[in-house]
Structure formats: structure tokens, C-alpha cells
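Residues or ranges marked as compositional bias 'Acidic residues' in TrEMBL: 1-11, 55-74. According to TrEMBL, the feature compositional bias 'Low complexity' maps to 37-54. Feature annotation from TrEMBL assigns domain 'Transcriptional coactivator p15 (PC4) C-terminal' to 124-165, 209-249. Among the features that TrEMBL reports, region 'Disordered' is placed at 1-100.
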């Protein structure tokens, strides 16, 4: 194949010459011998330069030909790359403020991604996930920068989750009552807390019965107020529960689009969406 690039200017290679180690005695030559020697040297130099130029031209031509063939092969068989959908295309639910949207990971149905995950804080996540043919809401604490789940969490069906998050007004009243010192004659007790499903335990915590075997407790611990969502068995608290800071509870409770997350999980798992 002809060279498609213009030839560079011929440049003769430069050969390094070792310096003499001792004095060199000049050799006397006859005038005829010097002329013959000079002519032979010029012819040799010209031949060497021409050979070097032809070699460089052939080398450049072969290199350019190889590159052109490689480019043709790449164009004929392009590498197939799997493209992962961007978060903008899979984020079905986008509640909250703009910075919080990056914390949502929608279920796409690709591979094992069949859960809806919301990273509420650095160590708390809410998941909508399938279990035994039903969608449940899992509120759980994580460690190792949110990568590994802990045993501190509660697993609720959709109905119980909705009831827990609907107690914002009662949780607010309970926190106010605790801030006032938990006085028995507080006016707060005559408000939303005064009902059949809410009572004050001997330790001064406000307990709300949400459903059979499920309670929400608002209490003070080491100077901090906490909202505890927990399963109970025969009146006794189990290890299946989680204590949240009030602002975290209210943040989760304010998430109005959680039902859409449930619908997404149903859809990717092949369940009917009501």
C-alpha cells in the first residue's frame, strides 16, 4: 500500500566517533591516492544515505498500513457496551428537597434491584421490599457508611406502616409533654393524648398502641428524646424495633409518596398494582 502521508525530509543518521586514545601520526599519501580515496568515500556516503532513506520510507509505509487496517477492523466490529440507565430515568418517586433526590434508588427490575431504597440519613434507610408475595416497609439502621444493616429495625406491612406515620400529631404532643417535665396535670394530657390507645407508663414514657403487637413509645433517654417503633409480644417489648430521633421520625412521616414506591416494587415483581 502506498504511503498516504508525505515523506519527511531525508536526514542522514549521525554516528558517534570515539576519540583517539593516543597521538595519531599523519600518514603521507601520494596525490593520486588521495583523490581516489576521496571519490570512493563520497560514493559510499551517497549510497548509504539513499539506502537509509528508502528503508525509512518503507518502515513508515508499513506502520501506516498497519494502523489503517487496525482502524478498519475496529470500525467493522465495534465493542458492545452495556449502558446502565441513569438515575433520572429510573427515579419514579422524587419527594423532598432537591439535595435529597440523590438519596433515592428506584426499583428497576434489572438483576437483583427489585427494592425501593430511601437513605433518610447516614445511618437510617427505609425500604419497600417484597417478602412472601407481599410488599413490606423496612425501617432500619445501618453501619459502615450505610452499607451493612443492623438488627435495629422494624419490618411492617403497608397498613401498619401507614398507621405509624399517621401519629405525627400525637408524637408532637408527647414530646411537648416531656419537655414540660411530664407533669400529670399538664394541659397536654387533656388533648390528643387523652384516648383509649395512649397511656403513660411508670417510667414516664408516652406509649401509643398502633395495632395488635405494635406500639410507638416517646421517651427521654440520657437527655435525648426518642420515638421508638417496636413489636410487642404478650405485652413485652421485643428486639424487633428501632428508636429514632424525633426529626428523623417526622422526616419519614412527611414522605407522602411512599405508596408510589410500593406500586413500583409491585410492578417490577409482577404483582398487580391497585
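Every residue, even glycine, has its Cβ placed from backbone N, Cα and C.
Where the annotation comes from TrEMBL, it is an automatic prediction and has not been curated.
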Worksheet item: Would you list the DSSP helix, strand and coil counts for the residues of the domain 'Transcriptional coactivator p15 (PC4) C-terminal' (209-249)?
Response: 4 helix, 30 strand, 7 coil
Worksheet entry | Secondary structure content, the domain 'Transcriptional coactivator p15 (PC4) C-terminal' (124-165) (per DSSP, counts of residues) | 8 helix, 28 strand, 6 coil
